[in-house]
Each structure stands twice: as C-alpha cells, then as structure tokens.
Amino acid sequence: MKMLTRLQVLTLALFSKGFLLSLGDHNFLRREIKIEGDLVLGGLFPIKEKGTGTEECGRINEDRGIQRLEAMLFAIDEINKDDYLLPGVKLGVHILDTCSRDTYALEQSLEFVRASLTKVDEAEYMCPDGSYAIQENIPLLIAGVIGGSYSSVSIQVANLLRLFQIPQISYASTSAKLSDKSRYDYFARTVPPDFYQAKAMAEILRFFNWTYVSTVASEGDYGETGIEAFEQEARLRNICIATAEKVGRSNIRKSYDSVIRELLQKPNARVVVLFMRSDDSRELIAAASRANASFTWVASDGWGAQESIIKGSEHVAYGAITLELASQPVRQFDRYFQSLNPYNNHRNPWFRDFWEQKFQCSLQNKRNHRRVCDKHLAIDSSNYEQESKIMFVVNAVYAMAHALHKMQRTLCPNTTKLCDAMKILDGKKLYKDYLLKINFTAPFNPNKDADSIVKFDTFGDGMGRYNVFNFQNVGGKYSYLKVGHWAETLSLDVNSIHWSRNSVPTSQCSDPCAPNEMKNMQPGDVCCWICIPCESYEYLADEFTCMDCGPGQWPTADLTGCYDLPEDYIRWEDAWAIGPVTIACLGFMCTCMVITVFIKHNNTPLVKASGRELCYILLFGVGLSYCMTFFFIAKPSPVICALRRLGLGSSFAICYSALLTKTNCIARIFDGVKNGAQRPKFISPSSQVFICLGLILVQIVMVSVWLILEAPGTRRYTLAEKRETVILKCNVKDSSMLISLTYDVILVILCTVYAFKTRKCPENFNEAKFIGFTMYTTCIIWLAFLPIFYVTSSDYRVQTTTMCISVSLSGFVVLGCLFAPKVHIILFQPQKNVVTHRLHLNRFSVSGTGTTYSQSSASMYVPTVCNGREVLDSTTSSL
C-alpha cells in the first residue's frame, strides 16, 4: 500500500506538468551536473534568477547561484580526498537549477525521486530469464539533498522528499515554518530560522529608539513568515508598524514604485524594515532611487552584504543596516574558485554563461555583438568577493557526509566500503539517528571555538548568529562594514556607523518629549502620544507617568527620582535674624543695666519706694522675653521647641503677674483710703511676692501639662504653593501657640483695668500713671501683632521676625515706661532720691522688711491728698 501511494503521488506530479519530465522524453534539454559515486547527493541552487514574463529562468545568479554550486563541488572534492571521512566511499552529485522559483524547483526535484521509484518497482524492469533489462538514462539513487536556497523552494521540495524519506539540508532557507517537524520531518538546515533574525532586527530598532516603522516583505514563505515573526517581536518592544507592504510577481501585488509612494505617505516612519528576497530588494531600492526617496533601511539576510542589490542606487542605500548570517570566509574556496575558467571547468554547464555575463564578453565569435573573451581573463580579488553563505553550503555537505560516515561505521563495521546494509539507504534512520546528532568542527575554519561547531537542535535548525553591517561611503567608495553582531544579545559599535544625514535618524510617530514631559498615549495607538509637562514637584516614574515626589521631596535634575529637600529655617547669619537678635541684645543689655543700677542703689529711697521685690521679678521677666528671640531664631529641635512653649508664655506671665500684683496693691490702698477702711490685707512685700509667684505658677503648670499632653518635637512643613521649600518647624500649630498665651492676655486685661481704675489718683502719684502707659501701649502692640501673625503665616521668616520684635517691644515698653524714669533720677538727679519731708497718715501705715509704707518712711517728697485723704506716693512728683 505504501508503494502504491508513492507511485500515485509521483505519477500525478509527472503528468501534471506533461511528459517533458517523464522517463522517455529525450527531447527535453536539461542542464544538470551528474557525477557518479557510491553515494550521491542531490543539490538545488538558484543558478539563474527568475525569468520575466513567460520565461521560467532569467540571467545567471553570479553569487548565490554559481558560487554556491561550486562550493558544493569543492566540498565533495575535499571529502573524496579525505582519508578519515568516508574513506573508501566516493561521493557523487546530481545538481539542478531552481531558477529562484518554487514551482520550477519542484519539477526539477522529481529527478531525485525517480531512482527511488525505480528501486521500489524494479520488478517491472526484469526480463523473463530473471536478468534486468538494459535501461537508458538510469537515475542516480540520492542519499540526501543539499538545498534549496529560498524558503519557498525548500518547503515545496521538502513536501516531496519526505514522501520518499530523503533527508534534506538547506544552507540558506530560514523560514520559521521549516522548524515544524510534524510537516517537515526530513528537513534540516545549517542556518537558523527567521525568528532569530526577526528578534535581532527588533532589538536594533529598540536600540536606536525607532518605534514607528514601515515594513516591506516579499510574497512567499521567506518574506511573509519573516515579517510576521518581526511584527510579533516588535509588539513585545512597543514598536508600531506605520504601513505594511508586500511585493511579488503576481499581478495582484503592488508595483515597486507604488510601494515607495505608500511609504512616503508616512513621513514620520523614516525607517523601513525589509524582509525580502534579494531580487525584490534590488527592485525596491531601484524604485526608491527613481523616486529620489530617502529612508533608513533595516534589511534581513535577503539583502545581507550583497553588492548586486545596491549597484547603481548606492546613494539611496547609504546608511542602511543589514543582517547577514555570521560566517567565516573559506579561504581554500577562494583559491579554488579563482582557479576556475571556461577552459578547465567542464563539469559545470552554466560556467560559460557565467563567464560571459561577468566579463561582458562572448566565448564565441560575433555572439550578441559582444567582444570575444580574452583568454587571459581570470577571477581575482579585483572582481571577486566570496558570497556570505559559502560556509553554510560547505557545512551542509560535510554534515551529510558525517552522518553517512557514522552510519557506514555502524552498519558496515568491517569495511570502509559500502556493505549490503547500505545498498538501499534507510532515509529515516539516516536523518533521525545520525544527521540530527552530528557534532563536528566546521572545516576550513581557523577559529576553533564554540562558534565553529556544526550541529543541529531538536528541530533540525542551526545556531542563531548574525553579523550586522552598515552600508557606508568611505573616501568616495561605497562598501559594507561590519558594525556588530547578534548571538541572543545585540552588540553594536555605534561609533562605526555612518548615517545618511550624519546623525542617528528618528523614526517615531510623535516627536520626542522634553526631559520634563510625559507621553500621553493616544487611544488605540501605543506609538503616538501628546507631550504633557510634569509639575515642578513631579518626577518621571516612566515615560508615560509623572509622579508626585511627595511633601518634603523634589525631583532630581534628570527627573529620574526624588531627593529630600534641605530643611529651611532661619539661620543666625540671615537678615531676618540679625534685626531681631540685635534688638533683643540691646534690650537684654538695657535690662542688665537697669538691674545693675537697682542693685547698686538697692537701699536708696527711690528703689525702696518702687517695690523692689516686684521690680526684680518684673526685670527678670523682661530679660526672659528678650531671651525668647534667641529661642525662636535657633534651629528647631525638641529642646528648643520645649523652651519656646515654656518661655514665651512664662516670660509674659512673669511681667504681667508682677504688674498685676502692683496695680492691685495700689488700687486696694487707694480704695482703702477712699472708703476709710482698715489697712488692706496682703500688701506687705512678702505677700506681694507670694501672690506674684502664685500667678506665675498658674502659667507654668498650664504649659507643663501642655508639654506632657503634646510632647515637643519638630516637623517638616511644606506649603502647597511653595512645594520647593521645606520648613523645619516645631510640631505645634500657630493657633495652639497663641492659645497658650490666653492666660497672659487675661493678666494684661486685668492690669489694664486696674491701671484704668487708678487713673484719677492724685497727679503726684505717678506709679499708677506709668503702669497705665505701659499697659495701654502693650495692648496696642498685641492688637497689632495678632493680625500680622496670622497674615504672615505663609512666610515663616516674616512671622518669626514679627513675633520676636513684638516680644522685644513689650519688654522695651516696660523698661521705657516704668524703669527709665527711675534710672534717670538715680543716675542724673540723685538730689531727688532723698527723703525731703514726712507725711503723716491718720488711718494706717504699711510696714515691712523691704518696702515700707509707715510713718518712718512716709516723709517722702510731696504729700498727696486723694479725695481728702492723705496717702504716701511711692515715687516722686517730678517723674
């Protein structure tokens, strides 16, 4: 049944194209190379290019055709001379032309299966006596096939050869389809599949940030599957396809000129990715030259490093990036090929045509009106460059030879010749047990490293290694320069790349955003965006997102992250500090001077009469208020913050408790004199001190409880409108600080009330009058301070300075209104600081260890009558 299936397939194939390829047609003129051997390898090469119109074949393909064909012959010669590889076994060849067409290649490949059919049905050729009939044109039995070149050719041929279990090794077919072992189970290749190349091309685009490109593919398996693999890799890297074009020979496809026009419709897609056969690439570049179009081409190995593709259109291809399979030139082949000429190469029937085409001459007189070829013409370095896949052709032939060698050693261990077990090859065994398992160092490779190993993976594919070339103009000469390589990862020498406009081209749907802008992607298109500036306090988390650094942080110069802003606070050298500190120092010195004067003249009548105990307490409070400036200017810390909260209210409490005690005493004394009451209680100096300390203690207790409930500390504070500034402040609200002064306000109000009540005392009693001046002025200062404090809350410098100056002014008011007159008399009018006469009090006298209101001390200057009662003034009438 199996034999009938093969016969039916072969018969259908033969008759579908007529009898030109049948066994009995002797009129069909076929160009082929047949060299007999013990084992014969088939060969398929694009010796000629595609024909135009109705012609099957066109001009000679000098590089990919003739060179590759001769590479196979060269490899066969070397193997046959090798004493270690297949010794005693001669390899033969049967080489056919594919004309760069898959259908034509399939017709040619039928020759390879004729021998298999003959062996299968050999009984039909036996004579009645048991002998075999004499046959003409007996086909050679093919052990394996080397080829084809184009993926479309290899796919068609592989579908045929698998039916007859003939192994096939391609040296150039890279379509990913051929890795499918369920369909191409006798196919192997010394080159990698296209998805490696597609990945390399996508990485090149990503490397240069080309995210918006056009693509052009050749019709057929190579171009279509290759560009499909590229599109998958591009999507993974957020690369968008502006337009995808396809070219081919069929009438439904666009012409090359129309493809160029379509590409020009996408002006932002300056990079064009080509996955095309060499002939299609040449035509497209020529069309671009006609349209004077300028693109940056990124091309697959279909273009590679071929001079023929860009010939005549070099200016259009300038700056192109092309890929070629990584290979080493076979120098022995160079010597072999350069030794060939039409007079010594008779086994190659296409060589004469190649010679005439290459040198534009004729080997026969008056042929095509060409000049006669000079017999001294030769192939040399001036007119020859080794084609890039010669190494892969040689490796393919050697791979088949190594597999046959191991099979022969296994099946025929006692001989170097072919034994009966190999007379009819088991192609399945050869492929699976030997070919896929070969592992040898590439012949003629000077580098004995990992890259020189020839082996196949489980899919029969070669290793993925590519060279990256740049087409450039150096010194007026165009050439390809290797600028990198790809072997799972990309490596490029960017400095060696020449661009058509002397700078790396851009190929993006939208212009690049500024360093401080993010991309706002357009719906449905990951490559087109609108640039939106980030706020000054935002950094770029990625190219699509601006992220808030958060309070207290600021983006770095390159917007890649954030850093902690330095803490801002008033420093001693700031102008905002110098003014308040100067005022506070002046006030503190004045306070110290007053204290010094009072201590020095402590026992003089004026000091005694002033209530010196309360005066010292009052002066201590004034001095403490000046010290508060230093606490508010100092860098905030838990200790400083505690001192601020404790000292501000306490300093005022000390001052106004002393004043309240004094005004209350005066008021009670005059009320007692006025009403004729008994001597008021608690008017002795010690009583007044205890009353004053009690009032102060209330404030201290309140602040202490506050400190316990809300522990002092610092916080980093940022205003919404000034995010770039981080203010180091105490962790207490401004409102809380003012609330803590509530008790002091009560003291001020009470002092003011008592000062107002004693305003009608005799005019010679000036103590009450000056206390009144002090309290009125203090109220004015505080009424002006409160709104200023709240209005300046947005600027901590102004607020702090206002606070310091207001506190200092309160101290100056006390010094100026209460103590300045006394100091003036003590220092400049000492004659008034004496006892001038005695005032007798009928109702009561006040006495104590310190200040005395009694008959012994009532002989002060000027007796005073208040509402008909005589009282003692604690100051003098001339103040």
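Each residue's number is its place along the chain shown, starting with 1.
Just so it is clear, glycine is given a Cβ too, placed from its N, Cα and C backbone atoms.
Matching Swiss-Prot disulfide entries to the candidates C240, C804, C817, C866 identifies the partner of C527 as C240. Membrane topology as recorded by Swiss-Prot puts N602 and K757 on two different faces.
Swiss-Prot gives the label N-linked glycosylation site to one of N414, N602, namely N414. Swiss-Prot annotates S151, A172, S173, T174, D301, K389 as L-glutamate-binding residues; of Y104, Y222, Y256, the candidate listed for that same site is Y222.
Looking up C513 in Swiss-Prot gives a disulphide bond to a cysteine among C531, C534, C546, identified as C531. The stretches the transmembrane segment (614-634) and the transmembrane segment (808-828) meet in space: the count of Cβ pairs below 8 angstroms, excluding pairs fewer than 6 apart in sequence, reaches at least three.
Cβ neighbour count within 10 Å across all protein chains ranks A172 highest among the recorded positions A172, C361, C527, C562. Following the DSSP three-state reduction, the secondary structure of N439 (N-linked glycosylation site) is strand. The topological domain 'Cytoplasmic' (791-807): residue composition by secondary structure is 16 helix, 0 strand, 1 coil, according to DSSP. Within 10 Å (C-alpha to C-alpha) of C528 (disulfide bond) lie the following recorded positions from S173, T174, N209, C240, N439, C546: C240. The DSSP secondary structure for C527 (disulfide bond) is strand. The two recorded residues, C509 (disulfide bond) and C527 (disulfide bond), have Cα atoms 6 Å apart.
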